[in-house]
Amino acid sequence: MAGAAGPPLPPLLLLLLLQLLALPAGRANRTGPDSLYVSEYFSQSAQKLSFYSWYGNAKLFHFHVPEDTVLLRWLLQASRGKGPECSSMDITVHFRHGAPPVINPLGTRFPANATVRPSYNISISLSSAVQNTTFVNVTTPAAGDWFIAAHLPQAAGRIEVKGFSTPCPCMFQADMFVLRLTDMPVLEPGVPMPHTVVSPAKPLHVKVFVPKHAAGMQFQLSSCVTSEQRACAVRVLLGSITLPQSFQRSLTCTGSINCSLALDSPPWEKWLQIMVESLGTANASVSVEMLVSFTVCRPGSASSFLNFISLNQSQAGARPGAAGSSAPAAGEAPRNTSSPQSSCLQSQPVVREDLDVVSVRYRLLNGPSVPVSSLSPTLLLLNLNTGMDSGGSLVVNLLLNKTSVSLANATVAACVSAASPVLSLNATQNCSTAFSQGYPLSVSTSSAEAMLIVLYPQTDDWFLSLQLLCPKGQGDCSSAEAKVTVFAYLTPCFNDCGPYGQCSLLRRHGYLYAGCSCKAGWGGWSCTDDTKAQSVGTQNLATLLLTLSNLMFLPAIAVAVYRFYLVEASVYTYTMFFSTFYHACDQPGVAVMCIMDYDTLQYCDFLGSVVSIWVTILCMARLKKILKYVLFISGTLLIAMSLQLDRRGVWNMMGPCLFALVIMVTAWVHHGAKRRHCYPSSWKRWVFYLLPGITLAFIAISVYAFMETNENYYYTHSIWHVLVACSVAFLLPPRDKHKKPWAWSQKLTCRYQICQNDREELYAVT
């Protein structure tokens, strides 16, 4: 389970960890009468890194940081193999709190309207050293889910055949060490509390709980006194560190003057950590008094009874003509019980509907349209705090009803934010809260639609705030209102990766997240970057080359039929058929045709290719018919079994080839010893058939194993088809001497002549 405590550590490693955490021997260290630190260790198994071509190549590590953690230390261990194929390489490691990191190692374009914030990352180099150990420290980290993604540089693009090349193994492991307070002091809102900072090396940690609907927070520090009667100097850090961006607030206080800090929109229903550290001498303690107060926002919303009626009507439908019904009419939002003048926000009820894995739809109980005024923001809660929602894409779409806007040039400003809503859209439109940065949106009569895509949204409560902004000096803005239709949903992949991509669900220790695998040269997070995209003509050309090149098996089939090798001809026909339709189904673009399941076509193509080589070499051995057909059947069954075990293993092709070559060489030696001269005996057979066929076969294997890349695949693989088919036509042995060539007219005449001769002999007088 991600974030579970690891097994007991060896004594040497435990001693190292205690030194890293600056703790004396023992589990706990009491730094004062009110502080008890506890160290904990979390680990996950090492993973083999891959070169990056899409998000699935990045290896994800998922940890959970407990509450009241004051120090987080990552131990990153990387190692590579020692073989000659291993060279220097760089490992990129990304960190993020709340959701997997959004990365872009290839520098591709993201989809329009997508929000992208660069991830925090470091590089680990493995040049001369086989191993590398790196530490990353985070003081006062945010509690909750933390993710690490590691990968190698961009993939070279060469298609490596399993067994022909030996990749350099590179392993990566991330361990997490935390130092947390078991009894962190709690500040009570509105109550001054004195505290003491023992020394600069031992800062004071306290926390306060932010209530729901808190619009503002006021922090005040007073009565700062040192033990040495010197000038008081302290620094206060409010909030926790989150990556890639951190909005931790800092306040420096000197002298006995009171210090205060006002914060707008603090995170609702969260513990806020406050750290006070002394800036004085090492032996001087500092006494301070802290006071925290909150400004609570009174929400105005429909009553719970009306919400319950709306929920029943939306699910079961109201009875027509029911007497005494107090529910609003269809499409009409119920009036708020509290007037806009008496509340600072208007809350709209939202229902979360779980559709599938990482797939959620949000439905407004009062209809898809919500009223938006200028007096107070309209607030919608989008719940994404289950812990399994951060692996998709949150999509918010706003559509303004132009006829509902009473003022011509009015604009509806919107903000999508996590942890706390933005309640001051009329004052500022940067969508910033106390410790986070939201995402702005706006709709107007000139631009009535707006969309926002949040890639991998962090695990939290998300809020959508809307407010009507009127131009100065134009009409009565207080009575103006607009209606905005809101569509919000969570999807694994935005637009299902488009026509040139495939959405794949990835898993790491039970955590599910999604990624797009792009094809036909398309790239980007949702396969929307067409910088290197193949044109439709190129896609059609690739399909034609890969499919029509299999028609080169027709000469081999004709030669086999002409020489009475009917079993071999049927195998070549099978191979040509399934190779043609497999490559027609395997194309990444629009020129695709699948006559059956893709996996079935691929298996039949691989089976036909290997069996064709098997029967050709055995046919060249000139074995007795009964022995040849027994080897045909038994070898085909064994090949079918091995392909089911490992379809892309090189020994699935090389094994039958080598075994068939051993049988052929043995048979040729036996024939040569029996006839007392070289076999085959004709030099023309060697010069005009065997040597060209062997040369074509070796060239085909070289192209298949060492020259194929993702860019030239449809050229090189088509050449492989042509070379293999031509080599088969050259290598097939001549027909048996006692068999005459196909001649239907002679066969019919001969058969009639035999009957005539028999009748003549019957009446002959001897």
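Glycine too: its Cβ is placed from the backbone N, Cα and C atoms.
No curator has checked TrEMBL annotations; they are predicted automatically.
As written in TrEMBL, here are the features:
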type     : residues  : note
DISULFID : C493-C503 : disulfide bond
DISULFID : C518-C527 : disulfide bond
DOMAIN   : 489-528   : domain 'EGF-like'
REGION   : 319-348   : region 'Disordered'
SIGNAL   : 1-28      : signal peptide
TRANSMEM : 541-566   : transmembrane segment
TRANSMEM : 626-645   : transmembrane segment
TRANSMEM : 651-670   : transmembrane segment
TRANSMEM : 686-707   : transmembrane segment
TRANSMEM : 713-732   : transmembrane segment
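The two recorded residues, C503 (disulfide bond) and C518 (disulfide bond), show a Cα separation of 9 Å. Note on the domain 'EGF-like' (489-528): mean pLDDT across this stretch is 92. With DSSP states grouped into helix (H, G, I), strand (E, B) and coil, the domain 'EGF-like' (489-528) comes out at 4 helix, 20 strand, 16 coil. Residue pair C527 (disulfide bond) / C493 (disulfide bond) shows a Cα separation of 10 Å. When Cβ atoms from all protein chains are considered, those within 10 Å of C527 (disulfide bond) total 28, not counting its own. Listed as Cβ neighbours of the transmembrane segment (686-707) (distance under 8 Å, sequence separation of 6 or more from its ends, same chain) are residues 161, 164, 650, 680, 716-717, 719-720, 723-724, 726-731. Sequence-distant neighbours of the domain 'EGF-like' (489-528) (same chain, 6+ residues past either end, Cβ-Cβ under 8 Å): 1-2, 44, 54-56, 60-62, 100, 102, 104, 106, 108-112, 114, 357-362, 384, 388-395, 453, 455-457, 534, 539, 588-590.
Between C518 (disulfide bond) and C493 (disulfide bond), the C-alpha separation comes to 12 Å.
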